[in-house]
There are 2 protein chains.
Amino acid sequence: MDFELKILGSSSATPSFDRHHTAQLLAIGNQLNLIDCGEGTQMQLMRYKVKHQRICNIFISHLHGDHYFGLPGLLSTMHLQQRTASLNLFGPKGLAEILSLQFKYAGTQLPYKINFHEVDTTVSRKIFEDKTITVHTLPMQHRINCCGYLFKEKQKPRHLLKSKLPAFLTPPQLVRLKWGEDVLDEAGEVLVRNADVTTNPKHSRSYAYCSDTKYKEDILPLIKGVDLLYHESTFLSDMTQRADYTFHSTAQQAATLALKAQVKRLLIGHFSARYKDLTPLLAEAQAVFPNTNLAVEGKTINVLE
Amino acid sequence: MDFELKILGSSSATPSFDRHHTAQLLAIGNQLNLIDCGEGTQMQLMRYKVKHQRICNIFISHLHGDHYFGLPGLLSTMHLQQRTASLNLFGPKGLAEILSLQFKYAGTQLPYKINFHEVDTTVSRKIFEDKTITVHTLPMQHRINCCGYLFKEKQKPRHLLKSKLPAFLTPPQLVRLKWGEDVLDEAGEVLVRNADVTTNPKHSRSYAYCSDTKYKEDILPLIKGVDLLYHESTFLSDMTQRADYTFHSTAQQAATLALKAQVKRLLIGHFSARYKDLTPLLAEAQAVFPNTNLAVEGKTINVLE
């Protein structure tokens with residue numbers, strides 16, 4: 001199954017001609033999750049030939065415009081294109097009020113349902129769960145209410161070794177073996193040891209999205225060991241003071257967090273418009289955490305099982 | 001002095017990959033007027049190397065997203081780039097409320113003043129005047145409150161024929177001659193006839209922006225003889241019924257209005273995304289009103305004096 005991240009934009013607040021504001025698509029199987037939705041996201045979806053009707057869930061980190069000013073337009077286009085499937089929308093207090101006001105003055109009656117979930121940006125909570133994944137909020141430290149999101153695949157079933165399975169096992173017993181249990185006889189004695197007839201399940205993948213925020217070590221336990229960490233890196237470290245003052249991070253800080261959290265891979269983005277050339281940001285991060293990439297538009301990162 | 005219109009976008013509500021939502025720039029001398037501001041307008045301004053700090057006045061026709069969803073982002077970027085000059089913003093009821101709510105949740109305190117002018121979209125009123133131009137609203141007939149805008153240069157001074165001017169004329173008398181008066185002696189008799197020493201002033205140019213609307217003949221007296229008329233042409237005439245139902249116009253209707261209003265030149269836009277090739281729309285309009293052009297992005301129309 002796919003677990004694939006596509007970058008649609010990675011510019012910080014002041015836009016840059018060749019970089020759009022923040023938006024990312026996380027495809028998990030057939031489910032498309034949109035993470036933030038800066039201005040122009042619907043045009044970026046067209047550019048990369050993504051059918052927006054496939055988006056099931058939208059997660060907004062905070063109400064600075066560079067993270068959501070594309071949302072009313074995208075929702076309106078879904079309306080014009082006769083979407084009927086309901087949509088989950090996660091975001092901080094204020095988002096539903098703003099959208100309602102815009103739709104009111106536009107005279108818009110959406111033909112699909114938006115299930116709006118107001119998130120508490122100050123704590124880590126499970127906000128979404130289906131048969132495949134869970135999503136938790138990650139509290140950020142920014143100038144206004146802001147949270148990241150942690151996407152985790154649920155534990156997958158163990159592999160059954162067909163050649164080693166006794167013929168007498170019933171379907172319910174096979175299911176129990178898949179989920180790690182032994183098979184017991186009526187007296188409660190082990191009849192078939194799980195370890196003898198199964199191997200480990202495929203890896204459950206995880207993606208942590210952290211934007212916008214000051215360097216913040218208290219999220220380390222929450223993002224520990226994730227397969228892929230996106231962390232904002234608005235500045236180079238010669239602007240640490242400005243990063244601190246504006247509640248943003250440097251590339252070095254993002255990499256330090258990745259190192260301490262022992263993540264597998266780091267992706268940096270939300271670049272200040274002052275950096276035309278992004279290689280110094282990459283170099284600064286890689287000096288601390290070598291497995292770092294730039295979140296440039298159009299880039300796709302496939303997280304393997 | 002320039003009187004130049006630049007098209008930044010001309011797509012109707014459903015966006016099309018290679019066409020942005022409606023936005024136009026009218027440069028009159030050094031003054032930049034932005035007319036509507038669809039999503040992505042700030043990126044289009046960058047594309048065409050227009051300094052948004054030069055924009056003095058913004059005119060929003062109505063609160064369908066394809067005409068203003070780029071406005072909060074543009075105003076935020078002006079904020080981030082430390083604009084201090086005040087800005088006039090004209091638009092229907094609701095616009096100020098929406099922007100205020102967005103800025104409230106973003107924690108934004110603008111460093112410049114927005115002079116918001118709520119326009120009555122049901123009547124034609126003078127809403128702006130400076131030493132060079134006047135701007136009037138043009139009532140449109142759309143699904144929600146909507147108005148167009150009529151930009152007119154004021155009457156210009158007559159040319160003084162230096163070779164024919166008597167030497168005794170004082171500066172105040174010369175000013176009166178420029179504005180069409182004769183010079184009188186103390187008894188009130190004509191001393192210098194205006195027609196003998198002046199020639200006609202340069203032409204005062206005009207531009208009428210009409211979007212979005214049903215075909216609507218009652219605006220004919222308001223737009224009569226304008227140098228340039230922009231009129232929405234969402235559909236071809238085989239979709240007149242749909243145009244009527246959605247309160248839009250066809251290319252043929254736009255051209256009919258141009259013909260009846262005896263305008264000098266017609267510009268059609270706000271094309272439905274169903275038309276990849278715009279030449280049938282142009283052909284349909286030109287069959288009625290030959291001096292028609294398409295409002296394609298990047299196009300600049302210079303209205304001569």
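Each Cβ is built from the backbone N, Cα and C atoms, and glycine gets one as well.
Taken straight from TrEMBL:
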ACT_SITE  A:Asp66  active site, proton acceptor
BINDING   A:His62, A:His64, A:His142, A:Asp212  Zn(2+) 1 binding site
BINDING   A:Asp66, A:His67, A:Asp212, A:His270  Zn(2+) 2 binding site
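Here the features listed in TrEMBL are painted onto the structure.
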{"residue": "A:His62", "record": "Zn(2+) 1 binding site", "DSSP (3 states)": "coil"}
{"residue": "A:His67", "record": "Zn(2+) 2 binding site", "DSSP (3 states)": "helix"}
{"residue": "A:His142", "record": "Zn(2+) 1 binding site", "DSSP (3 states)": "coil"}
{"residue": "A:Asp212", "record": "Zn(2+) 1 binding site", "DSSP (3 states)": "coil"}
{"residue": "A:His270", "record": "Zn(2+) 2 binding site", "DSSP (3 states)": "coil"}
Spatial neighbours of A:His270 (Zn(2+) 2 binding site), counting only the binding-site residues A:His62, A:His64, A:His142 and Cα distances within 10 Å: none
A:His270 (Zn(2+) 2 binding site): tally of other CB atoms within 10 A of its CB: 29
Local Cβ density at A:His64 (Zn(2+) 1 binding site) - other Cβ atoms counted within 10 Å: 24
A:His62, A:His64, A:His142, A:Asp212 excluded, remaining Cβ within 8 Å of their centroid (Zn(2+) 1): A:Ser61, A:Leu63, A:His67, A:Met140, A:Arg143, A:Ile144, A:Cys146, A:Ser211, A:Thr213, A:Phe247
Cβ under 8 Å to chain B, applied to binding-site residues A:His67, A:His142, A:Asp212, A:His270: none
Listed in sequence order, residues with CB under 8 A of A:Asp66 (active site, proton acceptor) and six or more positions away: A:Ser11, A:Ser12, A:Ala13, A:Pro15, A:His21, A:Thr22, A:Gly38, A:Glu39
Non-site residues, in chain order, whose CB comes within 8 A of the mean position of the CB atoms of A:Asp66, A:His67, A:Asp212, A:His270 at Zn(2+) 2: A:Ser12, A:Ala13, A:His21, A:Thr22, A:Asp36, A:Gly38, A:Ser61, A:His62, A:His64, A:Ser211, A:Glu232
Among A:His62, A:His67, A:His142 [binding-site residues], residue with fewest other Cβ within 10 Å: A:His142
Residues satisfying Cβ distance under 8 Å from A:Asp212 (Zn(2+) 1 binding site), sequence separation of at least 6: A:Ser12, A:Ser61, A:His62, A:His64, A:His67, A:Met140, A:His142, A:Cys146, A:Glu232, A:Thr234, A:Phe247, A:His248, A:His270
